[in-house]
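Engineer: Below is the structure I would like to discuss, written out as C-alpha cells.
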Amino acid sequence: SALLLEWFSLLVTRYQSSFTMQQFRLPRLTVPTFTPMTPDGELDLDKIPAYARLLSQSGVRSVFVCGSTGEFPSLSLDERRRVLEAWCQARADGLIDTVTAHVGTCCLKDTILLARHAVQKCNADAVASVAPWYFPIDQIDATVELLAKVAAECDGKPFYYYHIPMFTNSKLDVAQLMRRAAALVPNLVGLKFTDSSLSQLAACSEVVAPDGRQMQAIIGLDDLTLPARSVGVLDGIGASYNLIPDVVNSLANSFDSGNLSTARSESSRIRSLFEAISSAVEGYGMVSLLKTTMSLMRMDLGPPRLPLKPLNSPARIILEQRLKFDGFLARDEAQEKLA
C-alpha cells in the first residue's frame with residue numbers, strides 16, 4: 001500500500017505540474033526593471049521598494065528582472081542574485097505580484113546557478129533565459145538542448161525563452177525552435193519576443209505543446225504593442241511601461257473595447273516617446289537614454305554602468321528640453337517661450 005500511495009502521490013504531482021504549466025501566463029503588462037545604481041556605479045537596492053510602489057500605483061505589478069533594460073551583462077552573478085532577492089522581497093511585502101527572473105549568460109553553468117537561486121532561494125514566479133551570444137548557436141537542436149538543461153533546474157517553475165536576435169545574432173527560425181522546445185521542455189510556457197517580424201511572432205503564438213500547453217508569446221518591442229495585437233498577441237514587456245504606463249494601459253483597454261482610434265493614438269504616443277529619446281542626443285546607448293528619461297519623468301535610478309555612458313550635463317538638458325517640447329514633461333515658463 002505504501003508503494004501504491006507513493007505512485008499516486010507522484011501521479012498527482014505530475015498532473016498538478018502539467019495543469020499549472022497550462023494555466024500560467026504573465027499579466028498583460030510586465031515591466032523590465034532598471035537596475036538602480038549609485039553615482040559611482042554600485043547597486044542601490046534601497047530604491048527598489050519605492051520603485052516597486054511607483055509601478056504598482058501605475059497599475060503594473062509584474063516585473064522582468066535583470067533583462068536588457070536592467071543591464072544584466074554588466075552585473076556580476078552575485079549582483080544579479082542580490083537584485084532578484086530585493087525584488088522578491090518587494091513581492092513578499094505586497095508591493096508587486098509577479099517576478100520573472102532572467103538568468104541568461106554566455107556560460108551554461110552560470111545560467112544554471114542563477115536559475116537554481118531564482119527558484120530555490122527567491123521562489124521566483126517564472127524564469128527566463130536568453131541564448132548565449134558570444135558563441136551564437138546556429139542549430140535549433142543545440143538551442144533546445146541548452147534551454148532544456150536550464151529549464152530542468154527550475155523545479156517545475158514556468159520557463160520562458162528570451163528571443164532578442166538584435167543582440168544574440170540568432171538566425172534561427174524561432175517558431176520552429178519553439179515547436180521543438182515545447183515538445184521537449186515540459187515547463188516551457190512561452191517566449192519574450194524582441195524582434196520586428198510579426199509573422200514569426202504570430203507563428204510563435206500559435207505553438208501548442210503535445211500536452212496542450214499554449215505558448216504565450218510576449219512582444220518585447222514597445223512600438224509593436226499595437227501591431228502585435230493584430231496577430232493576437234496581447235501581452236508585452238516593454239521599457240515604456242516604466243515611463244508612460246498610463247498610455248500603454250489606455251492602448252490596451254481601448255483595443256479591448258474596440259476603440260481602435262484611441263488605440264492608434266496611444267500607439268503613436270509610444271513611438272513619439274522613443275523618437276524623442278533616440279533623436280535628442282547622439283553617442284549614447286538606448287539604455288542610458290531610457291534611464292535618464294526615467295530620472296526626468298518619474299524616478300532617479302542612477303546612471304548606467306560602463307561600458308554604457310551616463311549622459312553629460314549638456315546632453316541631459318537637451319533631452320529634457322526635447323521631452324518637454326513633445327509634451328512628455330511639463331513645460332516651465334521659459335520652455336513655453338522657447339517652444
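Cβ atoms are placed via backbone N, Cα and C, with glycine included.
Automatic prediction, not curation, is the source of TrEMBL annotations.
Sharing the feature lines straight out of TrEMBL:
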BINDING   Thr69, Ile237  pyruvate binding site
ACT_SITE  Tyr162  active site, proton donor/acceptor
ACT_SITE  Lys192  active site, schiff-base intermediate with substrate
Engineer: Applying a 10 Å Cβ distance cut-off over all chains shown, what neighbour count does the residue listed as 'active site, schiff-base intermediate with substrate' have?
Structural biologist: 27
Engineer: I'd like the number of other C-beta atoms within 10 A of the C-beta of the residue listed as 'active site, proton donor/acceptor', please.
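Structural biologist: If we count other Cβ atoms within 10 Å of the residue listed as 'active site, proton donor/acceptor', we arrive at 24.
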Engineer: Among the binding-site residues listed here (Thr69, Ile237), identify the one with the smallest other-Cβ count within 10 Å.
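Structural biologist: Counting other Cβ atoms within 10 Å of each of the binding-site residues Thr69, Ile237 gives the minimum at Thr69.
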Engineer: Return only the integer: C-alpha distance in Å from Tyr162 (active site, proton donor/acceptor) to Lys192 (active site, schiff-base intermediate with substrate).
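Structural biologist: Roughly 5 Å, rounded to the nearest whole number.
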Engineer: Calculate the distance in Å between the alpha carbons (Cα) of Thr69 (pyruvate binding site) and Lys192 (active site, schiff-base intermediate with substrate), and round it to a whole number.
Structural biologist: 13
Engineer: Can you tell me the CA-to-CA distance separating the residue listed as 'active site, schiff-base intermediate with substrate' and Ile237 (pyruvate binding site), as a whole number of Å?
Structural biologist: 7
Engineer: On the three-state reduction of DSSP, what should I expect for Ile237 (pyruvate binding site)?
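Structural biologist: Strand, per DSSP.
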Engineer: Using DSSP with the three-state reduction, classify Tyr162 (active site, proton donor/acceptor) as helix, strand or coil.
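Structural biologist: Going by the DSSP assignment, Tyr162 (active site, proton donor/acceptor) falls within a strand, counted as strand.
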